[in-house]
Each structure stands twice: as C-alpha cells, then as structure tokens.
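Chemist: Quick one: this structure, given as structure tokens, is what I'll be asking you about.
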Amino acid sequence: MGPHPTVAAIRLAVRRVLHDVLDSSAEPHPVVLAACSGGADSMALAAALAFEGPRLGVRAGAVTVDHGLQDGSAVRAQEVAGRLRALGLDPVDAVGVTVGRQGGPEAAARDARYAALDAAADRRGAAAVLLGHTRDDQAETVLLGLARGSGIRSLSGMAAVSGAGGRYRRPFLLLDRDTVRQGCLAQGITVWEDPHNHDPAYTRSRVRHEALPVLEKSLGKGVVEALARTAQLSRDDADALDQWAADAQADAAGDDGSLDVRRLATLPAAVRRRVLRRTAIAAGSPPGFLFARHIEEVDRLVTGWHGQKALNLPGGVAVLRANGRLVFSPS
Ligand SMILES: Nc1ncnc2c1ncn2[C@@H]1O[C@H](COP(=O)(O)OP(=O)(O)OP(=O)(O)O)[C@@H](O)[C@H]1O
C-alpha cells in the first residue's frame, strides 16, 4: 500500500523542488535545510525532506529558530531539534535570536528569523532552505495587502523561489494547509502549535481565523484559491512592469544617472513610478522606508510641476529638478 494521498502530494511537492535544486547546483550532493518551527506545516516539510532527500542524493538537514519570546522557548527548540534528528535529518541546528523592535513585533521576529536562517545556511554551505508556507499563507498575504491598498508587487505575495541566489524555496505554495496538516496527522508526526498563531493581537492571526473564514462563509470556499491566483497573476504583471522600468530607466538616464524629464513624462504612470523608485534606491534610499507617497511626490516634479526644485527622500537622498533633468544625489 502506498502512502496516504496527502503524504504523496507533500512528498511530490518536495521532490520537485529537490530536482530543481540538484539541477542548478554544482554540487552532486548539496545540503538542503528545512526551516522548521515545529508546527504542522514545517514538520510535514521536514519529514518529506528526510524521506526524499536521501533518495536523490541530497544531504537533508534542518534548522529551528528560537525567538526567545516565550517562557521555555529554548527547551522547546531543543525538543523540536530532537524530533528533527529522529526523522533522520542531519545536520540539525537550533539557533537562538534576539528579536529587535523595528517595524512591529511580527516584522521584527521575521527579520531576526531570516538573518538566523541565512547564517545557518552559510555555516552549513546549504544550496537551499525550504520554507513551509502554504497556499493559505499566500492568500492571507494577499488579503492583508488588499486591505492596506498595496500595489501589485505586494499583492504578488511570496515567491516560490526567493532570497540571495534563490536560496529560499517554498514547495507547499500550491498546496492547501488542510492537505499539509492531514499529511502530518497521517504520519503520526508530533507537532507544536505556536500560540501566537491563535493570538488575536497579531494581524495575521486575525486574517487567518476571522477575516478569511467570514469571506469563505459569505463568498464560498474558493476564496483562498482565488486570492492565491491573484498572487500569481500579480507576480507576472509586476515582473513585466519591472522589466519595462529597467529598460525605460536605461533609456532616460544620462551618463551621470540623472533622468530626462521629457522622456519620463511619456511613460505610463506605473512604469514611471517604478523608474523613480529604482533610481531613488540606487541613490541610497532604503527600500523599506521608501513609500508610495514619497514616489508620488517625486512624480510631481515630472507631471504637474509647479516650479518646485527639490525634495528630500528617506536615507538623505535629495531630488533636484534642473535643466529638464531629475538629479538624485545622496547627501
Ligand atoms: N521558529 C522558526 N524556525 C525555523 N523556521 C521557521 C520558524 N518559524 C517559521 N519558520 C518557517 O517559516 C514558515 C512560515 O512560518 P509561519 O509561522 O508564517 O507559518 P505557519 O503556518 O505557522 O508554519 P508552521 O505550521 O510550520 O509553524 C514555516 O513553515 C517555516 O518553514
């Protein structure tokens, strides 16, 4: 008898990614790590990696991050590491981090987690780090973006491949959370559910447990799938616009990097704003602090210009309009 259908689906998703990693790796036996919180999604991921990795000649390991935000978290991280070793994964690292304050609690924990995952991957020479995000996580990200009035880059959610050199992979992005969780149950895997996942103080928890269920009740079960589809369509559109903007920037820029205002004015607004954003970032404005309203201000130096000559952007970047050109200069 073969594995439970949900287990088969989970393993297939991981196998596909491992083939892709093997294809693009110079190493015949690359190290691949599962990033594991101990929750159902990432334990299912770890189990599938432990099963598929050795069959494909991949050295399968794992890393769990202790955010140090709850009593007993260090002990729990060791328990999770023990379970990961029991699955046959090696190496397994449990790493502690200090969560800062920048950008709110969820963002700060995420930043600390990815820094720790990056460091663990470097230390182990890993070709890839697998993350357990599911289609439901993707739908939640899109809904959050819609509620904030985000543009299509944000609405494109999480990429199947991301990070420096494409190191982060998300094999479950097209699988629904129920399938992944049932697969976990079917294998009798012990999981630890982070209480934060149910804490209504966290926005994502409210989206997961309140907003999406209301939408599904009112609009039908397909809402999660539809939102995930919006992510994919938005990604394709955003990629195309980014490419267009890169070409347009090369076209409008002089040797000194300043932009020709007349050329900018002929571009569609979506492309022009992307050119302005790229140029501001290249001049030193930090992407995380450069908001739509900043770019709209710069855009007013191009369209609807009333003689204003200069403005300042985050990161101390000054933008000056002179002689028909926009000059972005670091302070
Ligand atoms: N503490 C952690 N240590 C290592 N990896 C983590 C940790 N927290 C999250 N991750 C990784 O990020 C993914 C998404 O995490 P998130 O908390 O958003 O989702 P989740 O649905 O709660 O996942 P899970 O059920 O696996 O905890 C996880 O599946 C896992 O791969």
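Glycine is treated like the rest: Cβ placed from N, Cα and C.
Predicted automatically and left uncurated, TrEMBL annotations should be read as such.
Predicted, not measured: the structure shown is a model, and the values here were computed from it.
Below are the features I grabbed from TrEMBL:
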type: DOMAIN; residues: 32-210; note: domain 'tRNA(Ile)-lysidine/2-thiocytidine synthase N-terminal'
type: BINDING; residues: S37, G38, G39, A40, D41, S42; note: ATP binding site
type: DOMAIN; residues: 259-326; note: domain 'tRNA(Ile)-lysidine synthase substrate-binding'
Chemist: Please list, for the domain 'tRNA(Ile)-lysidine synthase substrate-binding' (259-326), how many residues fall into helix, strand and coil according to DSSP.
Modeler: 31 helix, 14 strand, 23 coil
Chemist: Given the binding-site residues G38, A40, D41, S42, return the subset with CB under 6 A from an atom of ligand 1, ordered by sequence, or none if empty.
Modeler: A40, D41, S42
Chemist: May I have the list of same-chain residues other than S37, G38, G39, A40, D41, S42 whose Cβ is within 8 Å of the Cβ centroid of the recorded ATP site, in sequence order?
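Modeler: In sequence order, the nearby non-listed residues are C36, M43, A44, L45, G132, V191, W192, E193, D194.
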Chemist: Between the binding-site residues G38, D41, where is the Cβ count within 10 Å the lowest?
Modeler: G38
Chemist: Are there any residues in the same chain, six or more apart in sequence, whose C-beta is under 8 angstroms from the C-beta of G39 (ATP binding site), and if so which?
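Modeler: In sequence order, the residues whose Cβ lies under 8 Å from that of G39 (ATP binding site) (at least 6 apart) are G132, V191, W192, E193, D194, N197.
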Chemist: Can you see whether DSSP assigns G39 (ATP binding site) to helix, strand or coil?
Modeler: coil
